[in-house]
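K.L.:
I grabbed these lines from TrEMBL:
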BINDING   D262, E266  Mg(2+) 1 binding site
BINDING   D262, E298, E302  Mg(2+) 2 binding site
BINDING   S324  substrate binding site
DOMAIN    63-253  domain 'KARI N-terminal Rossmann'
DOMAIN    254-401  domain 'KARI C-terminal knotted'
Amino acid sequence: MASRPAAQILRQASRQVSRQFVPAVQKRTFVSAVSAARAAPKAAVTASFQQSRGVKTIDFAGTKETVYERADWPQEKLLEYFKNDTLALIGYGSQGHGQGLNLRDNGLNVIVGVRKNGDSWKDAEQDGWVPGKNLFDIDEAINKSTIVMNLLSDAAQSETWPSIKPLLTKGKTLYFSHGFSPVFKDLTKVEVPKDIDVILVAPKGSGRTVRTLFREGRGINSSVAVYQDVTGKAQEKAIALGVAVGSGYLYETTFEKEVYSDLYGERGCLMGGIHGMFLAQYEVLRERGHSPSEAFNETVEEATQSLYPLIGANGMDYMYAACSTTARRGAIDWSKRFKETLKPVFNDLYDSVHNGSETKRSLEYNSQPDYREKYNKELAEIDDLEIWRAGKAVRSLRPENQK
Ligand SMILES: NC(=O)c1ccc[n+]([C@@H]2O[C@H](COP(=O)([O-])OP(=O)(O)OC[C@H]3O[C@@H](n4cnc5c(N)ncnc54)[C@H](OP(=O)(O)O)[C@@H]3O)[C@@H](O)[C@H]2O)c1
């Protein structure tokens, strides 16, 4: 389909939507839909909330699920709930940074534990954590804490487990942001002590987004789960911690389901799959004589700048409605063929996650001493692909990038 400026798509979307989708979308225009998009999900589900003691059952397309929300845990309640706790944030990477600063801004007693010679120590100091006051090495931080939040990289969780496990004494709580280490314990060797609560809050986004949404007064969606409940309070503690680190809504799951869906999703539509689709489409266009700019615009620029935001704001039908009838006819037809072709690949991927192959590969690769250099080399190779070099030129023409 032809690339059209966003404003044109917006106008067409609003015309088509109000003409054709009146009952379904209540005469949404795209502009109003986008401006309301942040509030919309809540408004849309409010009608189907069934609330009892702060727990909400929400009907997700016919399946009832339990969701917890930040509104049930105002800051005063969090401060009261954690008044006797010291939270040790072990690791200060993407999640450590986001969750740690949110906990600190919420007024909780949080300390950071990282190795002294690493980059994270310097990063933490730059963010105002003070050595000897609320910044310690890992062992010392764990010893001072009641709640240990293991936010090391997944490979590092496995590597450091022999020294961390003996410090996890009775009465402490162990917190993860990924089910990876305990679920794949045969490979990671992370066998948790039997006498402590083990819980999970997994934000569905990067640590940077955890922080940004919190600062905007919103919250990220997170999964919440209990692996081991010794005190009978594990679930409640996990939900409270989820809110304290910056979650807006917490969706109930298990450690297993969280890790399987997470590894699967990032290898699929979220990252690997979409990169593969971009490359395949771009290469065919180039091999068939199209220019780099045309191939890039038809593959990436229009997707990320125009069409995917429409899906994000109001769904796939809304995106289709915003496009020409020519585009719509072809896209609906071809979506079936893509689904049939790709589904076996997705099944292979799920098997590879479920049987531990992905975990094994990740642990082996990410435990190598030179893993950062190797990634940097791979990322430089991606950066150097023609498609992404063409993308730089296209982005340089955006008004905001022109002086
Ligand atoms: N990033 C995400 O988008 C995301 C989203 C949801 C959940 N999670 C989960 O959150 C957890 C943390 O992920 P992350 O992405 O924040 O991790 P990360 O950015 O990769 O952070 C790595 C941290 O681990 C430390 N580390 C690495 N190797 C170490 C070693 N051998 N000994 C001691 N410390 C070591 C690093 O310290 P140095 O600086 O000293 O190396 C750094 O503080 C993981 O379980 C991950 O799956 C991540």
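Note that Cβ sites are derived from N, Cα and C of the backbone, with glycine treated the same way.
Help me picture where these features are in the structure shown.
P.N.:
For D262 (Mg(2+) 1 binding site), the same-chain residues 6+ apart in sequence whose C-beta sits under 8 angstroms from its C-beta are H178, G179, A202.
Within 10 Å of the C-beta atom of S324 (substrate binding site) sit 14 other C-beta atoms, taking all shown protein chains into account. DSSP classifies S324 (substrate binding site) as coil under the three-state reduction.
Restricting the average to the domain 'KARI C-terminal knotted' (254-401) gives a pLDDT of 97.
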K.L.:
Relative to the Cβ position of E266 (Mg(2+) 1 binding site), how many further Cβ atoms are located within 10 Å?
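P.N.:
Result for E266 (Mg(2+) 1 binding site): 14 neighbouring Cβ atoms inside 10 Å.
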